[in-house]
Amino acid sequence: MSLRYILGAAVLVGLPFGAAMAADDIEPCDGCANSMTVVSWGGAYQTSQQNAYSKPYAELTGTTFTWDESSNEAVAKLRAQFEAGNVTWDLVDVEGPDSQRLCDEGLAMPIDFDAVLAPGDDGSTPTADFGDGLINECFIPQIWFSTTFGYRTDVAEWNGAVPTSLCDVFDMEKFPGKRALEKRPKKNLEWALLCDGVTKEELYDVLSTPEGVDRALKKLDTIKDQTVWWSAGAEAPQLLADKEVVFGSTYNGRLFAVIEEQHQPVAMLWDYEVFDFDGWIVPADLPEDRKARVMNFLRFATDTQRLADQAKWISYGPARASSQPLVGKHADLGIEMAPHMPTNPDNMKNYLVNNIEWWADHQDEVEAKFQAWLTQ
Amino acid sequence: MTDATAGKPPRGGQMLAADGTPLKVSLRRAMRAQKLRALLLISPLLLFVLLTFILPIGDMLLRSVENDIVPSTLPKTVVALQDWDPKTSELPGEPVFAGLHDDLVIAVEKKANTRLGQRLNYEYSGFSSLMRGVVRDLKSMDTSRPFMEQFIEADKKWGDPAVWRTLKTFSGEYTSGYLLNALDMQRTENGIQMKPEQERIYLKLFLRTMAMSLGITFICLLLGYPIAFLLASLPLRTSNLILILVLLPFWTSLLVRTAAWKVLLQQQGVINDILVWLGLVADNARLVMINNATGTTIAMTHILLPFMILPLFSVMKGIPPSYMRAAKSLGANDWTAFWRVYFPQSIPGVGAGAILCFILAIGYYITPELVGGTSGVFISNRIAYHISTSLNWGLAAALATLLLVVVLALYWTYDRIVGIDNVKLG
Amino acid sequence: MANERGDAAFVAFEHVQKSYDGETLVVKDLNLNIGKGEFLTMLGPSGSGKTTCLMMLAGFETATHGEIRLAGRPINSVPPHKRGIGMVFQNYALFPHMTVGENLAFPLEVRKMSKSEIESKVKRALDMVQMGAFAGRRPAQMSGGQQQRIALARALVFEPELVLMDEPLGALDKQLREHMQFEIKHLHERLGVTVVYVTHDQSEALTMSDRVAVFNDGRIQQLAPPEDLYERPTNSFVAQFIGENNTLPGSVEAISGDRCTVKLTDGSVIDALPVNVSKPGDRTLVSIRPERVEFRDDRMPADTHKLEAEVLEFIYMGDSFRTRLRVAGNDNFIMKCRNAVDQRRLNAGEKVVIGWNVADCRALDAA
């Protein structure tokens, strides 16, 4: 597991790797298009990308960037663009599973990582530096993010008890109050089974049987009437901040914002966070000039320093092992970001990694079952 | 001569125009230019409607039954499978596997294998990984050995007759699979059956969508009618001002509106706070008014109210106040005058507003998604999910097709009961 | 007239005032008695307050001050549907979603009459306006004149004692209008109902009414039978509003009894009947009807002042001749002569001397 490898690097904090990456190491770009359309998620995440990647790149090269906040529908829209024969996107930010789909269907371009990407600051090859993050031949990872729980620290009914385990979410007696969960089966089923006595190792074997799914839903039944189901990532933090729920699952960066930026009485429960990658894909068959520009940008934007820079604006872990030691302080808050990274060793004593393959096979069937269960 | 023949041209010939051509021909010629010009004038709209409306709907209808991907990706396999009896528990013979090998070699080259896997995964879980795996499997295959055992060696799923049954069932150019799925049905060895109870969802959602849309329409009518009545009877300046208030929801972004509803309706929200403060509701029994059907109903009513008020208002504006006065002068009290004279004349507005609200309501998905929780989501939310997340466009198209059928059926019923010509937007 | 017959007034307005905005009065201190069976017309230009008065009587507007009585009973607080007053509206206000029969049955149904009674009354009312064959039609399928008759029948079918008509003939063409005037008049005579009729058409008012109340500026300017109104207007508004009229401004020189001398603006002097002038020096507007102006010596009284006039235009009108004259600086002085065998036709440019009977030349207020 490359996470361990990354952690190894993360421990070496403080090594004075040259923050002096600058214009001179940008490769000249001949015959490149002057503009790029980049697709991302909007919000704080896109801002962090603009600050860390596109602004410095635009200053150095004069390239104009157009941002399209369509990442949550990227596969559908890109597929539609290919069907219409008019691909307008140059670079698309997607989550791991979506990249798999696009790559499988030939909508994303395979990348020769070692040729296209810059080697790590420590001299490692890109393939080694990104490690297991290279989940398919099209995907260039940027960050690790995790989905985990936050809880309110001011619930009177808890009588001073503090949740320490994932299974406290399912403990209505000790920790009464509403929960916010995503309106999707992914992650919820895994968490439910883990708290129903299934071990991490046999998790997907159990889930692969119809009985396993029923067992997970039965566990979820115990908190169903106390659960608010969210569909947009911003909802759970808001519900927590509004005191509408006492537990809420969401992306760790969103919880960071609630805790450190808005100073709400909320804390992180780092038990069994679920890891996912987010990264770039390049649409297949781009015209040469646009492709050349994208490749030039990618080499710049995914180098060791740039990936580390992104953590100044958002608490997601850089996907390169060599970037880990360079993670510094938050650009505005001035706090050390390393402890807030999902990849911080203290935060990942228990964790899961999104099982893309299993979900690709079972998504349709399990989703139908889950939605039917929700409406009952 | 009888009356019936009066008006016909004089006996012995047609009417002629001044230049000697028959009058009818001459008239047709004169009209042709006019018709051509009329056609030319509407042609941009015609083209627009064709491109943006008719074609997409046609495409949608087609997608809901289209299954081209299976026969076109696995042509040899499909032909070879024709001789296999799916009722047996035996595997198909070697020719089928050989055909599969040939087909897949081409498919992998064209990257069509994963898409096929996705398609078949809707019917049988596991096809997705099976088809992704073939890329690796094919490389290690030896063309001199029988393919059957090589395939089963590579992935034991190929030895499962259920996989082949699925392939055979869905090997046609067209399929009813999506439509059946949209009706909570499935095709099994024993013919078409309802899905197991715990997997049924769409019929329930269709019913809920209809019922809630009707309810929302009715609430809109209840709330909108008095407002429209007031607007129509006020002087223009005042009524314009109130009209602006009515239209305010249109000018506010959806997110602002939703945020406002959350602030008002959530358990720690303004309304609950007031109720608790007034002592009407206990602090530990605050009302749940959002993330459920109530939330959807309130928010949708808010959004759709203008669509009810505007047609009502424009129809009511056209009802002269003298009708009510006449009714009263004839001895009718306020209620009788309203109910027997005013209300019947406002029916076209009620019809137009109700149709507008209802049709908009059943197609809504953003608001239900944001404030509907689980008990307040509509069928459109599932359509949106299958369009943008699960990418099961066939099922999305099937659901949309059914929705269209339901709407047309309701429209037809409405026409039967009320009469569609009895609808007026202004 | 009501009081002459010795009846108490059937409809009475007492010191009625009406204001919509609390700043200006649309109706200023209205006092009016209407006798039972009378046909009274409220005549006036638009905005004069006549329709407001009608609406107050019908109950659709409330009086700001004062009292309205119907058959001796104050009705200020009686809602319109309990007043039992029939009303014909300007645009008929026939209910478009009902047939003619249903329209007529409506007032009877709300009075909870039996079916057979309703049927016979509707039939009788339709026959009364010669529309018996139209019971099944919708208003939209009928001409304006037919709708007018139905509206009339509907206002009468429940046998009210008072019927209000708000410019009911306004939308009809001239010929039909004149025809309907007679029909309404005859119906009134036959049924003996009291009618309050609002119009801005003076010939309609003169033709139909027992008495006419001329409204202007929220007040009744004159309340009189048609003949008095035309022959003996009591102020210059009425004189000018009713019929054609020549006016000459001037000031009173001397008054003695029913004769005064008026000095016109150009210095010439005429004789007139003092109507609302009281003392020498009063400013006045003298008014003379065109058909009372004479230019032939043999037709002019001997003992009055005469005026020099210049013919500006001669207009042949068939039954009469109109001659436009310049008189005392007024270029629009009209003289109207009957087209008789011995009548002389004047030519433009000709100078003539004109005169009139003192009684026909009324010295009115200078307004």
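Note that Cβ sites are derived from N, Cα and C of the backbone, with glycine treated the same way.
Remember, TrEMBL labels are computer predictions, not curated facts.
Annotation source TrEMBL lists domain 'ABC transmembrane type-1' at B:206-414.
Sequence annotations record features per position, and here TrEMBL assigns transmembrane segment to B:38-58 (among others).
If you look at the transmembrane segment (B:210-234), the same-chain residues 6 or more away from its ends with a CB under 8 A from one of its CBs are 242-243, 246, 293, 296-297, 300-301, 304-305, 307-309, 312-313, 316-317, 319, 321, 346, 349-350, 353-354, 357-358, 361-362, 376, 378, 406. Here TrEMBL flags B:210-234 (among others) as transmembrane segment.
Long-range contacts of the transmembrane segment (B:241-260) within its own chain (CB-CB distance under 8 A, at least 6 residues past either end) are made by residues 227, 230-231, 234, 299, 302-303, 305-306, 309-310, 313, 366-367, 370-371. The transmembrane segment feature in TrEMBL is assigned to B:241-260 (among others).
For B:293-315 (among others), the entry in TrEMBL reads transmembrane segment.
Using a Cβ-Cβ cut-off under 8 Å and counting only residues 6 or more beyond its ends in the same chain, the transmembrane segment (B:347-366) has close neighbours at 209-210, 212-214, 216-217, 220-221, 224-225, 228, 254, 300, 303-304, 307-316, 377-381, 383-384, 403, 406-407, 410-411, 414, 418, 422-425. Per TrEMBL, the feature transmembrane segment maps to B:347-366 (among others).
According to TrEMBL, the transmembrane segment annotation covers B:393-414 (among others).
If you look at the transmembrane segment (B:38-58), the same-chain residues 6 or more away from its ends with a CB under 8 A from one of its CBs are 404.
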